[in-house]
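Enquirer: Okay, these came from Swiss-Prot:
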type	residues	note
BINDING	Cys51, Cys232, His257, Glu261	Zn(2+) binding site
MOTIF	53-63	motif ''HIGH' region'
MOTIF	289-293	motif ''KMSKS' region'
BINDING	Lys292	ATP binding site
Amino acid sequence: MSSPAKIAQTPEFLSKQLLQQQAALKIYDSMTTNKRSFEPLQAGKIGMYVCGMTVYDYCHIGHARVMVAFDVVSRWLRHLGYEVNYVRNITDIDDKIIARANENGEPIGELTHRFIKAMHEDAAALGCENPDAEPRATEHIDEMLDMIGTLEQKQHAYAASNGDVYYAVDTFEGYGKLSKRKLEDLQAGSRVDVDTDKKNPFDFVLWKAAKAGEPQWASSWGGGRPGWHIECSAMSTKCLGNSFDIHGGGHDLQFPHHENEIAQSEAATGCTYAHNWMHVGFINVDGEKMSKSLGNFFTIREVMQKFHPETIRFFILSSHYRSQVNFSDAALKEAHSGLTRIYQALKAADAVLNTSVSAAESIESINAEHAGTHSADFIAAMNDDFNTPQAISVLFSLAKEVNKLARDADDADTQAQLQLQAVQLRALAGILNIGQLNPAEFLQAQIGEVAEDQMSDEQIEALIQERLDSKANKNFARADEIRDLLQNSGIELEDGKLGTTWRRT
């Protein structure tokens, strides 16, 4: 695996630009269905809650998208100068967890511990920072019981004859406001199984009565365990208060989970629950949402056996977080080619400057006048609802400029400009936590991986471009190495006045 190079300190001019751009941030709010200027509830501070994983299996690529998306949101908010409290829960008691533990003949605690550990390993491999808090459902039963008691006292909840406690959706006037569904319309088209213990078919469980052989906790309603929805309401309130700035999760959680969270929390506290709702789009396979229930999912670990973790991160960031994305090997290979372009530019700069661009000592001398518009364009993209594909296009433009400067760096002035732009490229890429590995080691490792399978046209073109750059920088050994690799892979090159052409033999 490629070893990390020394990560650059953010250039002073970029830090100043970022701090000046707090007010320009706009976020699409699923509640209002508008992109609007972001204003934190408390100046300089942001509370963000994201629904995490139910830990009964390995995380799949859909989970990876949520992890990476909100990792970048958190990073960007911090770069803007905010103090962020990022909370992501863990559901460690649930019907699926109980069923899997029984299927395996494994204690529930051992099962959840194993998959929490695996989740953390996967997130770290994808370059995600740990949340500031990661509350587990089983550690906050008291808070859940308190909230259920408050809801019952305010006549939003009732105990049924079977020992369950339900939320009465009829008692909350705003039910459906997030998903834009009216309760009467839901009832009119309902195919919900009739449950004689419920007053309304859409009432949902807050507390499940104990069943033989299942974990249970004592309560005033008898032994049992919490429902899924109350977990997030109680834990978010515990960690962030009655109201907080951002609530996030996958688009599939908008209804009923997030709708039910709103009903519970706002009925219990009388406060607006979350002031901005962010939802990450689906990852599709052959036009269908990737999910465990459909059996069409790929675990992060399976995909990492074929692709570098940073390639997966780049694939996720190459699409806007709200869009739907189609998952395929071809899409991952295209992401690999794009990431390679950035590393090739950094490697070309290293070869000319004979030092890692991340450790440049003249960072403090860089100023906005010499840096061009790249940083401003990058900031504008990220402030536009975290538009990472547009931000990546800025990185591509900057990489192209770095390559050109590396080819023409015959004098001190050009070399100084090359160092400036290369440092800027790594610093901007670092905000997304890409491009921070040692370029030469990353590219060498990728050549070995590419050689194991037939190369795509994009991979061939990327290697040809690296060969041309290597020749221009008088790194003939590297150019010959790439030529030999392509020949051994059945790719014949022909150099001419108009450039290099190729064909498969």
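Quick reminder: no glycine exception, Cβ is built from N, Cα and C everywhere.
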Enquirer: Report, as a single number, how many Cβ atoms besides its own are within 10 Å of the Cβ of Cys51 (Zn(2+) binding site).
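Expert: Other Cβ atoms found within 10 Å: 21.
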Enquirer: Using the Cβ centroid of Cys51, Cys232, His257, Glu261 as the reference point for the Zn(2+) site, which residues of the same chain not in that list have Cβ within 8 Å?
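Expert: After dropping the recorded site residues, what remains is Trp228, His229, Glu231, Ser233, His247, Gly249, Leu253, His258, Asn260.
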Enquirer: According to DSSP, does Glu261 (Zn(2+) binding site) sit in a helix, a strand, or coil?
Expert: helix
Enquirer: Taking residues 6+ outside the motif ''KMSKS' region' (289-293), which of them lie with a CB under 8 Å of any CB in it?
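Expert: Sequence-distant neighbours of the motif ''KMSKS' region' (289-293): 57, 60-62, 252, 282-283, 327.
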Enquirer: Under a criterion of Cβ-Cβ distance under 8 Å and sequence separation of at least 6, what residues of the same chain contact His257 (Zn(2+) binding site)?
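Expert: Long-range Cβ contacts: Cys51, Trp228, His229, Cys232, Gly249.
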Enquirer: Among all protein chains shown, how many Cβ atoms are found within 10 Å of the Cβ of Glu261 (Zn(2+) binding site), not counting that one?
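Expert: Here the count is 26.
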Enquirer: How many other Cβ atoms are found within 10 Å of the Cβ atom of Cys232 (Zn(2+) binding site), counting all protein chains shown?
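Expert: Excluding its own Cβ, Cys232 (Zn(2+) binding site) sees 27 Cβ atoms within 10 Å.
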Enquirer: When the pLDDT values for the motif ''HIGH' region' (53-63) are averaged, what is the result?
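Expert: When the pLDDT values over the motif ''HIGH' region' (53-63) are averaged, the result is 95.
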Enquirer: Going by DSSP assignments with H, G and I as helix and E and B as strand, what are the residue counts for the motif ''KMSKS' region' (289-293)?
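Expert: DSSP classes over the motif ''KMSKS' region' (289-293) add up to 0 helix, 1 strand, 4 coil.
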